[in-house]
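Here TrEMBL flags 6-31, 38-65, 71-95, 116-138, 158-177, 209-228, 240-262 as transmembrane segment. The feature domain 'G-protein coupled receptors family 1 profile' is assigned by TrEMBL to 20-260.
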Amino acid sequence: LALNPWDVALCVSGTIISCENAIVVVVIFYTPAFRAPMFLLIGSLATADLLAGLGLILHFAFVYFAPSEAVSLLTVGLLVTSFTASVCSLLTITIDRYLSLYNALTYYSERTVTRTYIMLILTWGASICYGLLPIMGWNCLKEPPACSVVRPLTKNHLILLSVSFFMVFAVMLQLYVQICKIVCRHAHQIAVQRHFLASSHYVTTRKGIATLAIILGTFASCWLPFAVYCLLGDYTYPALYTYATLLPATYNSMINPVIYAFRNQEIQKVLWAVCCGCFSSTLPFRSRSPSDV
């Protein structure tokens, strides 16, 4: 089988994704202080992206070194599960950030922990169900005309995934609009109480809005082209279009650790401690709200 440069690019992307998110998973798993709901959700996102990266590597390896229809179904199922879990984990983080602002007084309670576990169960339960569909028979191996732009997924399966993505994106957009309003209101109240200048309030608000715009804009720019193409395209379209929209979608899993993990000051402390060879599970942490933007 001739080596496809696009497959190489996806494999390289998967390698980078795996390395980045493996660091996040290891740091969160081996640090007892990272058991708060915020870090559990970040860990869920990193785990999903790690599996997505491994899935891209395995898909490349099996396609070129051990081609098999059964293995193809397994790797595609893994990719569907991991990418679905990644998108859903972004939604749970958004919900957590919104609730930490909307219910700030009751956020640090057992109810929040219970809600976090419920969201994690729903996220991974739904993702695994989506990923099992091709393995359980919902594939186009025996009916090529039923194929979508991503073989061996059927057109109906990909439409279901795309519609689900647009629903998640719509909810995230609405929640970030509400977060933006709350941030602006809080910044104004703090400025009034502490007699800050109007320019200081403006800078704080603009910074918060810019961060939210980067988060949502990155997510949309990575996934929207592929989601739209999945709805409009079919198996007769050139594979080039699939690769050209799928590759940017994988970049979201590459950027997620930077936005949600490496920007966190507590995780930064642990990483610096590990790099300096003075790692300790009892490092002091300053509790931060997940709503910091």
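A Cβ is built for glycine as well, from the same backbone N, Cα and C atoms used for every other residue.
Panel annotation: around the transmembrane segment (116-138), residues 37, 40-41, 44, 48, 73-74, 76-82, 84-85, 88-89, 91-92, 95-96, 152-154, 156-157, 160-161, 164 of the same chain, lying at least six beyond its termini, place a Cβ under 8 Å from a Cβ of the stretch.
Between the transmembrane segment (71-95) and the stretches 158-177, 209-228, 240-262, the greatest number of Cβ pairs separated by less than 8 Å involves 158-177. In the predicted model, the domain 'G-protein coupled receptors family 1 profile' (20-260) has a mean pLDDT of 86.
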